[in-house]
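A short write-up of the structure that comes next.
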Amino acid sequence: MSKKRLHEIAKEIGKSSKEVVEHAKYLGLDVKSHASSVEEADAKKIISSFSKASKPDVTASQTVKPKEVAQPSVTVVKETGSEHAEKTQVSKPKSRNFKAEREARAKEQAARKQANGSSHRSQERRGGYRQPNNHQTNEQGDKRITHRSQGDTNDKRIERKASNVSPRHDNHQLVGDRNRSFAKENHKNGRFTNQKKQGRQEPQSKSPKIDFKARAAALKAEQNAEYSRQSETRFRAQQEAKRLAELARQEAKEAALKAQAEEMSHREAALKSIEEAETKLKSSNISAKSTADNRRKKQARPEKNRELTHHSQEGQKKNKKSWNSQNQVRNQKNSNWNKNKKTKKGKNVKNTNTAPKPVTERKFHELPKEFEYTEGMTVAEIAKRIKREPAEIVKKLFMMGVMATQNQSLDGDTIELLMVDYGIEAKAKVEVDDADIERFFEDENYLNPENIVERAPVVTIMGHVDHGKTTLLDTLRNSRVATGEAGGITQHIGAYQIEEAGKKITFLDTPGHAAFTSMRARGASVTDITILIVAADDGVMPQTIEAINHSKAAGVPIIVAINKIDKPGANPERVIAELAEYGIISTAWGGDSEFVEISAKFNKNIDELLETVLLVAEVEELKADPTVRAIGTVIEARLDKGKGAIATLLVQQGTLHVQDPIVVGNTFGRVRAMVNDLGRRVKSAEPSTPVSITGLNETPMAGDHFAVYADEKAARAAGEERSKRALLKQRQNTQRVSLDNLFDTLKAGEIKTVNVIIKADVQGSVEALAASLVKIDVEGVRVNVVHSAVGAINESDVTLAEASNAVIIGFNVRPTPQARQQADTDDVEIRLHSIIYKVIEEVEEAMKGKLDPVYQEKILGEAIIRETFKVSKVGTIGGFMVINGKVTRDSSVRVIRDSVVIFDGKLASLKHYKDDVKEVGNAQEGGLMIENFNDLKVDDTIEAYIMEEIVRK
């Protein structure tokens, strides 16, 4: 029998795949996902169950009425067997009455027990309810029912012949027809195995026919009702427990607040009593002081008179007054003057004789329940927030052992201890970093749950070289992308959208795995689905394995497209088996990866591939909120001579509009213009839509996140702050020499470097080229990327190259005329390329040229000293004979005596007899003299050699 997949059934009946999978599991079928296959009978069962679910349930209503009027006698059935009675029995009640059904079943069982006895009931139970674990009992019950039905059929034939009544109007025949239909239905469901027993009837004279389907449905409904009652009881118990727990928490909180209020009232009463005592003490001191002043005033004039009389009697001492007397006179005079001034002019002069004014009481402010603080708050700021005097807080801090003034900053721990002493709950204020745009991607509260809608999937196509990735992309674009402007020319911006079955799919055109890896390193997970292309004739290749690892690291589902099935050597089964070794298992083998056999060249099964993409996207349930401010990721960036920085963005959440203030990576700006993948200007971009924008002040990096801010001022502040942080981080990465890394620094000083400046057309090419050059492995030499940027080669690049002794590499760009002229003047080398492999080879050759030459020793020959001659003012001359090879004039020699090297040096002269020669061959004799060595002896061995340079590979 043929099989069907669940998503095909869902498409046929117009239901979602998720509903069909759940319904199949409910029917007891062993399925795992939308790709699981079922038999044709099971498929019909699923379709019929969906059609029954959409229609009113007539079966359950039919089973209630007949059971209430069922009688064991056959004659009663004949009396009540009219067509009108049948119609009334089939009519559907308005509502189910489970109590009435249970009473009807009880009456039916009692009647059956009286008529047939317990044996019939046991047989009926065994025949009516199939027990899966007891097949033998079911077969025996079926045989008994068949024998009874055969006898009853013979009786009815005799009755029909005698009465000449048509079997169509016979009530017994109606019951038989029902039994036959019921037996056929049971045969379809696999309940009876003997085909001869299907058309036979159960005798109505002994027991009425039982509608097993109706009874099963009724029991199922009753079980569901009981389960719902239990669930409701359990839910109510949980709600009651929650309510009691909440009530207990509220009571505990109220008790704590009450205790705190009582403590505060006691503290306030104590403070009030202290203030009253201080007020009384001050008033008593003031009254005592005023009394003493009045007493001194009364005694002041007599003292003056006595003093004046005393001085007048002394003669010469008349004009000499003591210092105390002068002060007394002056004070008295001043007091009288003030007194007269007050009485004459009515000035409000303080009178010491009046009673003191009452001290004004300070207005009492309640302490706050919570206090939100920031690190570094001063005592004065805290006092103002909690409405207390700074002196009071300083006093409390002093009692806690902290010496502080009202302008001194406090740390968080001290502030918390101070608030605990006041009985206030202290909370640190959470500082929101406006420059951190990553928080929008991590904060779940950023989205509105009621506004979330379905979005288009983002698909990345990966695979080995020459496996058809580019061909598939071209096929999809040419066949599915709508024509653009004049001539159907479209602008390629690194990402594009196609439409299939009324739904959009976004494809990312990320050439090579380097860009994908760099985006993963920065955490830019923008891909929802990966299409892995494998050639049917090549199978799994190294880059295929690399693509599998990248997709698993990204955590995205994989759809395998087996390409080139039109070739003669295609073997899709081998590809499936090889991918299974790396954890990519087909759904046909019980895995979770979809496999589609396609031919991108001949446009074969492309529709099936797109349907699979939409199916996987439906299972993944990709959602987005288009109402919030837009956030997303940079796909590509480049520098245009006329437009400036151009960035290709993929909107992931929210909607991006023209004139929105935006922060992209470490740069900022305002969206000046927005162009879609067809080269048309648009005013807004919804989630999963790729657009190209202008208006940024600098070129961002591929893989950076972007976010829209409320106003341009906030965006500018966030962008400048992010730029400062990036610069500070770059400076912190500079390694300084210490004792720990001294050896590594000295070792690194021995390594030669090749300085390069990289300029390319797009940011992705800059990153890929820089990463490829750094990975070049040449022992003793490394590449140092001095500067890398997007755009043409200008004068500043030439100046930097001259200062750092670097080579400028231009990838798909050209130098300006001024830069070329300056490079010729400053003797700066500029290399222009359009193929990355050529750049790598050229830089590798330059690195090898930086290395010092490596030499290898080559032995030329050996000679034996036969005689020595000592010549004055010249030295020792050795007569030799060559025993192996040759001895040349420009070779170096070693003097070996008793297998020990005595001397190693150059030849001073080489002669054959009396003639100077360039070399002496094998078995020839000659004379030689060695520079700076005269200790030659007979039987010394002379070894001649030269040093040859080794070519590096």
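Placed from the backbone N, Cα and C atoms, the Cβ positions cover glycine too.
Predicted, not measured: the structure shown is a model, and the values here were computed from it.
Within the listed segments 405-408, 509-512, 721-724, 889-892, Swiss-Prot records region 'G3' for the stretch 509-512. Of the candidate ranges 488-492, 603-607, 638-642, Swiss-Prot annotates residues 488-492 with the feature region 'G2'. Looking up the ranges 463-470, 815-822 in Swiss-Prot, the one annotated as region 'G1' turns out to be 463-470. The DSSP secondary structure for Gly463 (GTP binding site) is strand.
Sequence-distant contacts of Lys469 (GTP binding site), defined by Cβ-Cβ distance under 8 angstroms and a gap of at least six in the same chain, are Ile461, Met462, Gly463, Ile533. Around the Cβ of Asp466 (GTP binding site), a 10 Å sphere holds 12 further Cβ atoms from the protein chains shown.
For Ile565 (GTP binding site), the same-chain residues 6+ apart in sequence whose C-beta sits under 8 angstroms from its C-beta are Ala536, Pro572, Glu597, Ile598, Ser599, Lys604. Take the CB of Gly463 (GTP binding site) and look out to 10 A: across all protein chains shown you find 24 other CB atoms.
Per DSSP, the secondary structure of the compositional bias 'Basic and acidic residues' (98-111) breaks down as 14 helix, 0 strand, 0 coil.
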